[in-house]
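Copied from TrEMBL, the annotated features are:
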DOMAIN    6-152  domain 'Lactate/malate dehydrogenase N-terminal'
BINDING   Asp42, Asn105, Val129, Gly130, Asn131  NAD(+) binding site
BINDING   Arg92, Arg98, Asn131, Arg162  substrate binding site
DOMAIN    156-330  domain 'Lactate/malate dehydrogenase C-terminal'
ACT_SITE  His187  active site, proton acceptor
Amino acid sequence: QGEPIRVLVTGAAGQIAYSLLYSIAKGDVFGKEQPLSFVLLDITPMMTVLEGVVMELQDCALPLLREVIPTDKEEVAFKDLDIAILVGSMPRREGMERKDLLKANVKIFKSQGAALDKYAKKTVKVVVVGNPANTNCLIASKSAPSIPKENFSCLTRLDHNRAKSQIALKLGVTANDVKNVIIWGNHSSTQYPDVNHAKVNVKGKEVGVYEAIKDDSWLKGDFILTVQQRGAAVIKARKLSSAMSAAKAICDHVRDIWFGTPAGEFVSMGVISDGNSYGVPEDLLYSFPVVIKDKTWKFVEGLPINDFSREKMDLTAKELTEEKETAVEFLSSA
């Protein structure tokens, strides 16, 4: 049993957290033996709703959950953390420019980065979910200079899972039969879902996805568009953004950080681009294929990149560079 792991979830009264908290508390992420302390941060107007979430967590009667601390104060929220899952962000409102969205979020993530720097353990792992996730994560990292850049990652696992499941649906296999899809770049509609290196198990035999599907125009067209625009499609249908699938992806992402990736498999994660061998500019928070061992990620090296992929990878890097420049301008005045 041992000491509880101290886990912060921000935006804790929101709908992603509503799915996420139960999954973590019942042992889906850190294992069925590991006790947990939850710290739940939200803005002051949401505190009454958050009290309801705390009541429900109590009513689940979960043996692993040792304490739940609801708060609207950063100095309480960020203290002595083992892991911070930053779900809360300023959502895009109707008629809002991406620039306005960036400005509002720079303020939030500068403040939370500084609080991590001041109060959290230096070994803390930080996962940013709130959009624009890549740039928010970069700002948080820059605002927490005493915590290693490598400890920060942003969520592209939902896109990774979407890509896996589209391939599985097309071939009539399970998502577990598909491995090593890649999401390159930004968690936005410029991301590049790449299946050039992906494998699928068909009737007990492992084959490349291109070979299995035998439909290059679908793989280079509708497949990519479906994954890129899936979030918007869910909003259109549900009138709310992805919550259940986002929570599942966060669980997958954090569990892999904690326990490592399975042998022979890699996953997609937004990480600092420094030292990559794929021609992506340094100092961007960009989604790469990674393997994880001993809570440390490494780039998957040596994958051949064709011209089609190169163009798509450069396009999303360009968007991230522009986002970063805008955000860094705001950072000095935030």
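Each Cβ is built from the backbone N, Cα and C atoms, and glycine gets one as well.
Within the same chain, the residues at least 6 positions away from Asp42 (NAD(+) binding site) whose Cβ sits under 8 Å from its Cβ are Thr10, Gly11, Ala12, Ala13, Gly14, Val49, Leu50, Pro70, Asp72, Gly88, listed in sequence order.
Listed in sequence order, Ile16, Ile85, Leu86, Val87, Ser89, Cys154, Leu155, Ala246, Ile250 are the same-chain residues six or more apart from Val129 (NAD(+) binding site) with CB atoms under 8 A from its CB. Ranking the binding-site residues Asn105, Asn131 by how many other Cβ atoms lie within 10 angstroms of each Cβ puts Asn131 at the bottom. In the set Arg92, Arg98, Asn105, Arg162, none of the binding-site residues has a C-alpha within 10 Å of the C-alpha of His187 (active site, proton acceptor). A gap of 10 Å separates the Cα atoms of Asn105 (NAD(+) binding site) and Arg92 (substrate binding site). Counting residues per DSSP class in helix, strand and coil order gives 66 helix, 27 strand, 54 coil for the domain 'Lactate/malate dehydrogenase N-terminal' (6-152).
Using a 10 Å radius centred on the Cβ of Gly130 (NAD(+) binding site) and all shown protein chains, the other Cβ atoms total 25. In sequence order, Arg98, Leu101, Asn131 are the residues of the chain that are 6 or more apart from Arg92 (substrate binding site) and have a CB within less than 8 Å of its CB. The most crowded of the recorded positions listed here (Arg98, Arg162, His187) is His187, judged by how many other CB atoms sit within 10 Å of its own CB. A straight line from the CA of Arg162 (substrate binding site) to the CA of Gly130 (NAD(+) binding site) spans 18 Å. Taking every pair among Asp42, Asn105, Val129, Gly130, Asn131, the residues recorded as binding NAD(+), the greatest CA to CA distance is 16 Å. Regional average pLDDT for the domain 'Lactate/malate dehydrogenase C-terminal' (156-330) in the model is 97.
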